[in-house]
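As listed in TrEMBL for this protein:
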type	residues	note
REGION	1-30	region 'Disordered'
COMPBIAS	15-30	compositional bias 'Basic and acidic residues'
DOMAIN	47-82	domain 'EF-hand'
DOMAIN	83-118	domain 'EF-hand'
Amino acid sequence: MSHRMNRPATAQTRNEQEMMDKSKRALETATDPMEKLRLQLLSRGSTGIMGFGRIFRRMDDDKNRSLNMEEFSEGMRDSGLNLSADELAQLFKAFDKDNSGSINFDEFLENIRVSTIKKLPPAILSL
């Protein structure tokens, strides 16, 4: 009979779990749509941004590597981000830097990364 011993969590694992827990708590009181999105990604751990890239591709119904407002809104709701129509419009506008009425994949990920990385705790950035 083999017994599997639980290994102690590494510093990286503890830091990531702490980041996820803090993000989940902060998400409960966040009001800014970009902040809500950032916190949702952080609450998913280190795979949050990468996973959101996959979500973008699923949102992109016509596979043109860009999202219109309808695709964006539907995808945000499908990802579990509960935002009002006004908040979705505000978030879409923040991503649509050139006011083209669509968000391309690179713009989307760049905005997510910048927004998220700027607010990561120093302990996470040093990993």
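Glycine too: its Cβ is placed from the backbone N, Cα and C atoms.
Because TrEMBL annotations are produced automatically, they should be read as predictions rather than curated entries.
Each of the listed features needs to be described in terms of its position in the shown structure.
Residue counts for the domain 'EF-hand' (47-82) under DSSP, split into helix (H, G, I), strand (E, B) and coil, are 23 helix, 2 strand, 11 coil.
Outside the domain 'EF-hand' (83-118) by six or more residues, the chain places 33-34, 36-38, 41-42, 48-49, 52-53, 56-57, 60, 65-69, 72-73, 76-77, 125 with a CB less than 8 A from a CB of the stretch.
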